[in-house]
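Straight from TrEMBL, the features:
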type: DOMAIN; residues: 18-435; note: domain 'Enolpyruvate transferase'
type: BINDING; residues: Lys33, Asn34; note: phosphoenolpyruvate binding site
type: BINDING; residues: Arg104, Asp318, Val340; note: UDP-N-acetyl-alpha-D-glucosamine binding site
type: ACT_SITE; residues: Asp128; note: active site, proton donor
Amino acid sequence: MSVFGCWFIIYGMKFIVNGGGKLNGEITIKGSKNAATKMIVASLLTDEECVFENFPRIGDAEITSELCQAIGAEIALNGSTLSIKTPKIKNYRVVPLDLSKNNRIPILTLGPLLSRMGKAEIPFLGGDQIGYRPVDIHLEALKLMGAKIETADGFFVASATDGLKGAKINLRYPSVGATENVILAAVLAKGRTIVKNAAIEPEITDLIKMLQDMGAIIGLGADRTIYINGVKKLRGTKYRVLPDRNEAVSFACLAVAAKGNKIKVKGAVHDHLITFLNELRRVGGDYRIESDGIVFWRPDSLSAIEIETDTHPGFMTDWQQPFTILLTQANGVSIIHETVYENRFDYIKDLNFMGANIKVFSKCLGELPCRFNGEGYPHSAVISGPAPLYGKRVKVPDLRAGIAHLIAALIAQGESVLEGVEQIDRGYEKIDERLQSLGADIKRIA
């Protein structure tokens, strides 16, 4: 049975939202989904206990925990503290498939399993249907480290009978997942691994810090280069999950989406949000940085701007969906150029159904052509505003689109029904209850 209980992934739930009310007060962000799930996987590298504080009680963390339990991990959850220990890997095949198909984490277990067992079988990936998210970058890197990888019956079958070995790896794109995979594989490999063109997101540097505390030797150099000297053994750790910057952005966008809202986001880390804060102020939002968080509000009307998503330190791809809601309320024509994922505008049709005026194009509308130029992918959006939004019944397609739908419903006139809110539960802990504390008229029903 899941250590999280049965609340977190209940399919068929809905949110009933009556929008238009003013939202004021404080909301505390939880531990980062993108950090916490990787920390669980990293704990598989040691047979000692790891304790994670500020751990979010969310669907993706539950799925990841159950995957690791199937491998052999012993997990206990007490409030927001998760303890995990894997004294022995009992199963090198990551199961169950019904969980794996909804999560992208299994591919990251390749490194720990190959390090401790010399073999691994990983199911083909699921998760948000926002792009192909090819794993060939992951697999190419692991092959350079000595892994042999084939496919059979819906699984990647990997082996490293002589162990993984350090290698020079130049990622053709600074993929977050591929960077994490190489780090997790290299910390116990023989010799030195050099990763060029690596991702340098805050969650990556935090994973490095945690692994250092476990005994790893990892350096972060200039120009997206990571150096890893393999060690023979890692120890356990007690580590605090960093605050979720995507939650901070979501609540900031909610505050600025409608005049009269004022929300203090407790736990928001200024250093993680510099690019976002610049764009928020450029569109017409405002904020005040305090010792324990950031206060957000909208002083006047919003102005149209152009946004281009990018890898860190650029404007994060997970931020474009909630930011799109701001742009529907801005005066003029805004442009969003998505350069990270090739198919992340599927949620736009529901926003248009609610009254937005957004057109999606396959050509690059950013300052420079991106890697999707000429490929025919719908990766540029033109948003004309301001457009009043009206409550409608919509189905949530994925996590980040879901938070955009929710923000839209909260500022819309009338009642909205959001179906499939288990997608939002994957990354936001009890968000309906937390929004109620701000004055939101939202309830969860079966």
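Placement of Cβ uses the backbone N, Cα and C atoms for every residue, glycine included.
Keep in mind the model is a prediction, meaning the values are calculated, not measured.
In this structure, the binding-site residues Lys33, Arg104 were compared by how many other Cβ atoms lie within 10 Å of their Cβ, and the smallest count belongs to Arg104. Secondary structure from DSSP puts Lys33 (phosphoenolpyruvate binding site) in a helix. Annotated pair Lys33 (phosphoenolpyruvate binding site) and Asp318 (UDP-N-acetyl-alpha-D-glucosamine binding site), C-alpha to C-alpha distance, rounded: 12 Å. Around Asn34 (phosphoenolpyruvate binding site), the C-beta neighbours below 8 angstroms that are at least 6 residues distant in the chain are Val176, Glu201, Glu203, Asp244, Asn246. Sequence-distant neighbours of Asp318 (UDP-N-acetyl-alpha-D-glucosamine binding site) (same chain, six or more apart, CB under 8 Å from its CB) are Asn246, Val249, Arg400, listed in sequence order.
DSSP classifies Arg104 (UDP-N-acetyl-alpha-D-glucosamine binding site) as coil under the three-state reduction. Taking the Cβ of Val340 (UDP-N-acetyl-alpha-D-glucosamine binding site) as reference, residues of its chain lying under 8 Å away and at least six apart in sequence are, in sequence order, Thr309, Asp310, Thr311, Thr317.
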